[in-house]
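Engineer: Found this in Swiss-Prot, in case it helps:
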{"type": "COMPBIAS", "residues": "403-416", "note": "compositional bias 'Low complexity'"}
{"type": "DOMAIN", "residues": "488-598", "note": "domain 'OCEL'"}
{"type": "MOD_RES", "residues": "300", "note": "phosphoserine"}
{"type": "MOD_RES", "residues": "542", "note": "phosphoserine"}
{"type": "REGION", "residues": "292-489", "note": "region 'Disordered'"}
């Protein structure tokens, strides 16, 4: 197969294999012995009468490959079938076939989407190769170790005579002391050797527990790691039985993961740990011990196992947020959604933090030049960890948002509403109104739509006026005032957390409504994305030009089209904002509880 060249275009076809054809595409993972058997057959397939075959039996099966040296015999390799979408949440792949046409051109053909994976199981040859690799690693370790000469050898009994040096002149300055040179390498070895010797004196079970607590190990890797500190033959013989008691073995890759019940036996001041290892263990203990005993835990190792904690941290070392999985990002979004309790939520340290809006809405995106950060989908291990880049971060981020607002010039653009267009006044780009006008506008909103008087048109010479059929900037569901006397139901239903069972219950409620929140937010964002693009184009054009009027008319046309196809937008937006505030409240309570547990941990 010819390699694809850079800076060259190739044709990609998807029609060679029709939907009705019986072609299935799999991702196949072979062992070394299976790959050698395939290559041997490919090299001598003309001299072999038999043909390879594959047989599926449910989620398992076997592959038969003829042997060129024994034409009448075949080698059988068993395999198991797994779903890529379930095992790896990153998604599936497409199978692309490269072929050369009759004219000599290179083409690419998409055979289909790879949804299943075939993993060939290891055979005796694979285990034999693993044993040889392990023996070779032990031999290399033994060759680097020191040779101890026992007393009573062949050199015993020989005497060595030392001659005394001739008396020389005495030092003219008796009080002078000569500095003894220091060997830096030997000093480092002594300091590191003291920690290793203290680890060797500890029980073998504790040594294995504290190694598996940091990350999963294969048995061969664990043996090599234990040999660095010192390993006796008796401890080596008991390793298999010990792993069965304290670890869970993954049958796919053979990695050993420490069982959750064993984390209570760990010591944070283990002598073999570095400062980064202690920070990592502290986070792991917080995550494991905060979960209730009857909660279902994942058998896969936590993601912190793969890396050690950095000594320099942006947050103080006494607070490590177990839910934070991303760096905090400051939002430049200035207008907020409907406030809860006067727009504030209590922070863990006593300050009040401003709750960001749930996502881009028509009024937000059309009246601001900045989009709020887009909410990202949750990760598979914990949906609470990645609700939004605007939720669950430290109080300093929220204080920074309150202290440094970024007002931008706004532009009057249409917004989806539920009441007739004929009753809405003409609107232009709005400026920040005075308090009297703002309170009057809120009073008008509390009336039914048919009783509202036309709103006065603000003076803004920098933006065009929309035609009479366009609604105002503030729709029925845009910024409904929330009375400070009415406490939201979630504040009464979800008080502060006092136990791990209550934490798990809050987390379950969060997960139950988070999918609905994501769906609503995605629909709202899809509606507003087009208006945001047109708004950016309109800001770059000069008022009164042909391009300006064309873009402005396109905005109105897009608005009318979206209003016809999305009649329930106002209700969905209201529901999305409510879920945003509710989920943010639950997440904040969980973060406060975890912080209290972490500070109380000795």
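Cβ coordinates come from backbone N, Cα and C, glycine included.
On a predicted model such as this, the values are computed, not experimentally measured, just so you know.
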Engineer: Looking only at the domain 'OCEL' (488-598), what is the model's average confidence as pLDDT?
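Structural biologist: The answer is 88, the mean pLDDT of the model over that range.
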Engineer: For the domain 'OCEL' (488-598), DSSP counts of helix, strand and coil?
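Structural biologist: Split by secondary structure, the domain 'OCEL' (488-598) comes out as 95 helix, 0 strand, 16 coil.
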Engineer: How many neighbouring Cβ atoms, not counting its own, are there within 10 Å of the Cβ of residue 542 (phosphoserine)?
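Structural biologist: Other Cβ atoms within 10 Å of residue 542 (phosphoserine): 7.
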